[in-house]
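Chemist: Sharing the feature lines straight out of Swiss-Prot:
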type	residues	note
BINDING	Asp23, Asn25, Asp27, Gln29, Glu34	Ca(2+) 1 binding site
BINDING	Asp59, Asp61, Asp63, Lys65, Glu70	Ca(2+) 2 binding site
BINDING	Asp136, Asp138, Asp140, Cys142, Glu147	Ca(2+) 3 binding site
DOMAIN	10-45	domain 'EF-hand 1'
DOMAIN	46-81	domain 'EF-hand 2'
DOMAIN	85-120	domain 'EF-hand 3'
DOMAIN	123-158	domain 'EF-hand 4'
Amino acid sequence: MVTKKEFLEDLTNATNEMIKAGDKNGDNQLSKKELYELFKKCKYPNPTLVTNSLLELFDLDKDGKLSVNEVKTALLVDYIIEAETCLKKFVDSIFKADSNKDNKITWDEARQFFVTSGSNEAQAKVFANSMFEDVDSDDDKCITREELREYAIEYYEIYPTE
C-alpha cells in the first residue's frame, strides 16, 4: 500500500499540473468554465459531463471552483476508508489464531495457529516468538487487536488516522 505521504505528494503534483494547464485567470483554482475548456481542449467526448462530475465530487465548498486542497481532502477520505478496510481485513485474518475468541492472542494460540497453517513445531515457535517480539507492545504476553493494528500501521507505513 502507498504511504499517506507518497499518496498526497502524487495527488498534489497531479492536481497542480491540471490546475496549471487550465487556470486562465491565475487564481490557482479551476472554475467551471476553465474546467470545461480544459476538457474540451483535451478532446474529452463529453466535457460538460466530466466538468459537472468533477465539481460534484470535489468542490467541497460549492463555490463552483476546484482547488488543490479540495481535491486532496475529498480523495484522502477515500484513501482513509480503503486503508481502514485493509487494516481490518489484516487484523481479522491474524485473529483467526484467537481460538477461544477472547479478543487476545496468547503465545500458545499463535504457535498453534502456525502449526495448523502448515509450519512444523520448531518453525511455529520461532514465528510465535517473532510475532510477540514485534507486536506485543506492552509485554503482557497477549496480542490485542489494537496492538496488531498499530503494528500494521507502522510496518506498512500507512497512517489512516492522521
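Using N, Cα and C of the backbone, Cβ positions are placed for all residues, glycine too.
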Chemist: Suppose we draw a 10 Å sphere around the Cβ of Asp138 (Ca(2+) 3 binding site). How many other Cβ atoms does it contain, all chains included?
Modeler: 9
Chemist: So which binding-site residues are near Lys65 (Ca(2+) 2 binding site), with CA atoms within 10 Å, out of Asn25, Asp138, Asp140, Cys142?
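Modeler: Matched binding-site residues: none.
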Chemist: Enumerate the residues of the same chain, Asp23, Asn25, Asp27, Gln29, Glu34 excluded, that satisfy the criterion Cβ within 8 A of the mean position of the Cβ atoms of the recorded Ca(2+) 1 site; list them in sequence order.
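Modeler: For the Ca(2+) 1 site, the extra neighbours are Ile19, Gly22, Lys24, Gly26, Asn28, Leu30, Ser31, Lys65.
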Chemist: In the structure shown, which of the binding-site residues Asp27, Glu147 has the fewest other Cβ atoms within 10 Å?
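Modeler: Counting other Cβ atoms within 10 Å of each of the binding-site residues Asp27, Glu147 gives the minimum at Asp27.
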Chemist: Once Asp136, Asp138, Asp140, Cys142, Glu147 are set aside, which residues in the chain still have Cβ within 8 Å of the Cβ centroid of the Ca(2+) 3 site?
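Modeler: Here the nearby residues are Lys104, Val135, Ser137, Asp139, Lys141, Ile143, Thr144.
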Chemist: In the domain 'EF-hand 1' (10-45), how many residues does DSSP call helix, how many strand, and how many coil?
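Modeler: So the counts come to 23 helix, 2 strand, 11 coil.
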Chemist: Would you mind splitting the domain 'EF-hand 2' (46-81) into helix, strand and coil residue counts from DSSP?
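Modeler: The counts are 26 helix, 2 strand, 8 coil.
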Chemist: By DSSP assignment, list the helix, strand and coil residue numbers for the domain 'EF-hand 4' (123-158), in that order.
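Modeler: Secondary-structure breakdown of the domain 'EF-hand 4' (123-158): 24 helix, 3 strand, 9 coil.
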Chemist: Take the mean position of the Cβ atoms of Asp59, Asp61, Asp63, Lys65, Glu70, the recorded Ca(2+) 2 site. Which other residues of that chain put their Cβ within 8 Å of it?
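Modeler: Counting only non-site residues, the set is Gln29, Leu55, Phe58, Leu60, Lys62, Gly64, Leu66, Ser67.
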Chemist: Nearest to Asp63 (Ca(2+) 2 binding site) by Cα distance: which of the binding-site residues Asp23, Gln29, Glu34, Asp140, Cys142 is it?
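Modeler: Nearest listed residue in space: Gln29.
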Chemist: Give the distance between the Cα atoms of Asp138 (Ca(2+) 3 binding site) and Asp27 (Ca(2+) 1 binding site), rounded to the nearest whole Å.
Modeler: 51
Chemist: What is the separation, in Å, between the Cα atoms of Asp136 (Ca(2+) 3 binding site) and Glu34 (Ca(2+) 1 binding site)?
Modeler: 54
